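Enquirer: Got these off Swiss-Prot a minute ago, pasting:
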BINDING   HIS16, ASP175, GLY176, LYS177, LYS251, PHE252, ASP260, ARG266, LYS267, ALA283, LYS287  ATP binding site
BINDING   ASP18  Mg(2+) binding site
BINDING   GLU44  K(+) binding site
BINDING   GLU57, GLN100, ASP260, LYS291  L-methionine binding site
REGION    100-110  region 'Flexible loop'
Amino acid sequence: MSSRYLFTSESVTEGHPDKICDQISDTIIDAILAQDPQSRVAAEVVVNTGLVLITGEITTKAQVNYIELARKKIADIGYVHAENGFSADSCSVLVALDEQSADIAQGVDKAQETRELLSEEELDAVGAGDQGLMFGFACNETPELMPLPISLAHRVCRQLTAVRKTGQLPYLRPDGKSQVTITYEDGRPVGIDTILISTQHTAKIGEITELSDIQAKIKEDLWKYVVEPIFKDAEIKPNSQTRFLVNPTGKFVIGGPQGDCGLTGRKIIIDTYGGYSRHGGGAFSGKDPTKVDRSAAYACRYIAKNIVAADLAEKCEVQISYAIGVAKPVSMMIETFGTSKVDEDKLLEVVKENFELRPAGIIQNFNLRNLPGERGGRFYQDVAAYGHLGRTDLDLPWEQTDKVELLKQAFSPQLLATAS
């Protein structure tokens, strides 16, 4: 790759059709696990003009009003205007749910699993809920150890939502997207090439009715109230060469489920690293913690983040894979892209010895079953928009760096030699 290149990542707001589905799916997860932490949940949601369909496989003792949950989440997002073609009060909500397949359950369910703390033998007895491969990544481009492009794209969308919900820009509507292109030199971010924002808006703004004037007003406001606050204290800022694009089609009045059908699990790159790292293909939202697509991807992020936080590497990508019904990973790989300061073979061995990667162990260490109940019925839905990883606004167990000292001690002679 050239020493100078551009890299782009995108994000979407919580009002994007696919993200509505992710949030409803994870709201269902929260509600069920808060009542019955041993539940098995695979909740899929589809939204279209005036319609919500909740489907999937759920095995639980919890009593949940799925229709009420969906309507409340839709209202919280901001779909309360009937003229948008989709609103919490007027949309139809259909529910079509089955129980989890007995063939799948037999490889995962064990009597010991209902206890809080499991022995080594019991951890080995609880298999993965499916086969699959998962990735986790961290790099030192941002304080939260995430790639800069996706970090900024999420910040733009979160600020876009904030100015809408506070009424600062009352003409904005819930649907929106961002895209940020970063200039890199020798593998390090050095500039902001392009900032793109597409945001749904009302047909007129106050007395402004001309389309060109409306778009000019939106562009001016978004720079002042969205872009400038984000970059106020940033080390890398937009400059006179930075392109700022807003609603490039010239109009974005029809949006949300009226404009596009939405489906759970279609924003997996936005949920993770913005394309900067590889992805195993499995979505997160709507899945209980026994699904390794979700829990093991969180564990991979935890490993990668601790390695970078310990300054053992500038970049780190972790891959693990599982077989259905088998507790221990089939394979594990650590890639540091030539930035490792320690022996990579030893690094892999140290990680295997000190990080729990059996599904029941991940669930136990991160407390993934009990967090919805402990946090008032709200945990997974909060990561269903604006990224599951690198969230500085949330207390997430997989974002902790509590293994840093252990890793440093394991490599202290090598690190001292490298420093000298």
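Just so you know, glycine gets a Cβ as well, placed from its N, Cα and C.
For each feature listed, report its degree of burial, its nearest neighbours and the pertinent distances within the displayed model.
Expert: If you take the C-beta of LYS287 (ATP binding site) and look for same-chain residues 6 or more apart in sequence within under 8 angstroms, you find ILE29, VAL41, ALA42, ASP293, ARG294.
ASP18 (Mg(2+) binding site) carries a helical DSSP state (H, G or I). Its Cβ taken as reference, ASP18 (Mg(2+) binding site) is surrounded by 22 other Cβ atoms within 10 Å in the chains shown.
Within the same chain, residues at least six positions away from GLU44 (K(+) binding site) with a Cβ under 8 Å of its Cβ are CYS21, SER25, ILE54, THR55, GLY56, LEU263, THR264, GLY265, GLY286.
DSSP classifies LYS291 (L-methionine binding site) as coil under the three-state reduction.
Across the region 'Flexible loop' (100-110), the prediction's mean pLDDT works out to 57.
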Enquirer: Cβ distance under 8 Å to HIS16 (ATP binding site), same chain, sequence separation 6 or more: which residues?
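Expert: ASP175, GLY176, LYS177, GLY256, GLY262, LYS267 - these are the non-local Cβ neighbours of HIS16 (ATP binding site), listed in sequence order.
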Enquirer: Of the binding-site residues ASP18, GLU57, LYS291, which one sits closest to LYS251 (ATP binding site) when you measure Cα to Cα?
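Expert: Nearest listed residue in space: ASP18.
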Enquirer: Which of the binding-site residues ASP18, GLU57, LYS291 has its Cα nearest to the Cα of ASP260 (ATP binding site)?
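Expert: Going through ASP18, GLU57, LYS291 one by one, the closest to ASP260 (ATP binding site) is ASP18.
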Enquirer: Rounded to a whole number, what is the top Cα to Cα distance in Å among the residues the record ties to ATP, namely HIS16, ASP175, GLY176, LYS177, LYS251, PHE252, ASP260, ARG266, LYS267, ALA283, LYS287?
Expert: 36
Enquirer: Say we define neighbours as other CB atoms within 10 Å of the CB. Which of the binding-site residues LYS251, LYS291 has the fewest?
Expert: LYS251
Enquirer: Whole-number Å distance between the CA of LYS291 (L-methionine binding site) and the CA of ASP18 (Mg(2+) binding site)?
Expert: 20
